[in-house]
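K.L.:
Checked Swiss-Prot, it gives:
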BINDING   10-15, Lys49, 65-66, Lys82, 141-144, Lys164, 169-170  ITP binding site
BINDING   Glu37  Mg(2+) binding site
Amino acid sequence: MTLRKINFVTGNAKKLQEVKEILKGFEVTNVDVDLNEYQGEPEFIAQKKCQEAVEAVKGPVLVEDTSLCFNAMGGLPGPYIKWFLTNLKPDGLYNMLTGFADKTAYAQCIFAYTEGLGKPIHVFAGKCPGQIVAPRGDTSFGWDPCFQPDGFEETFGEMDKDVKNEISHRSKALDLLKEYFEKN
């Protein structure tokens, strides 16, 4: 049996590493295409990125859009987390909730996949509920040090990567992608 090849369009080395670890048994190749940053609902953003990526790659592509949503703020920063994190860092994200009793949040990951130009785009979403805490642990991957998933005493930044890759929003979305591949 040959491995299914997946062209994952990302410029984020840490995301690529996690996707490769979660999709063991697949041949994941990184394609670095500079995609536009779209605004809107996360599923719309993922679909637009997938359309743009397939036009550049001219073959099967997988793209991802990640959100970190604070319940006290009606879901913000949501899909704009990249910009918030760039400017505020994990400490600033935590401090955003200083005036709120509700520190609950959820991490959401939307993958969009298509076999090629003119083919349908399939969307796979995963969510991980948790709370925003003072940053702890490894600070090398985005907001991981300030997100503590429900049922755990550790932040994503403190967790063993194998544990994180079993429970994360990314792994939940990729589990749905694997199910799709098993059927198609």
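Glycine is no exception: its Cβ is also placed from the backbone N, Cα and C atoms.
Can you tell me where each of these features sits in this structure?
P.N.:
Annotation note: Lys82 (ITP binding site) sits in a helical segment as assigned by DSSP.
Under 8 Å, Cβ to Cβ, and six or more positions away along its own chain, Glu37 (Mg(2+) binding site) finds Lys82. DSSP assigns Glu37 (Mg(2+) binding site) to coil, not to a helix or a strand.
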K.L.:
Fewest other CB within 10 angstroms, which one of the binding-site residues Lys49, Lys82, His169?
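P.N.:
The binding-site residues Lys49, Lys82, His169 were compared, and Lys82 has the fewest Cβ atoms within 10 Å.
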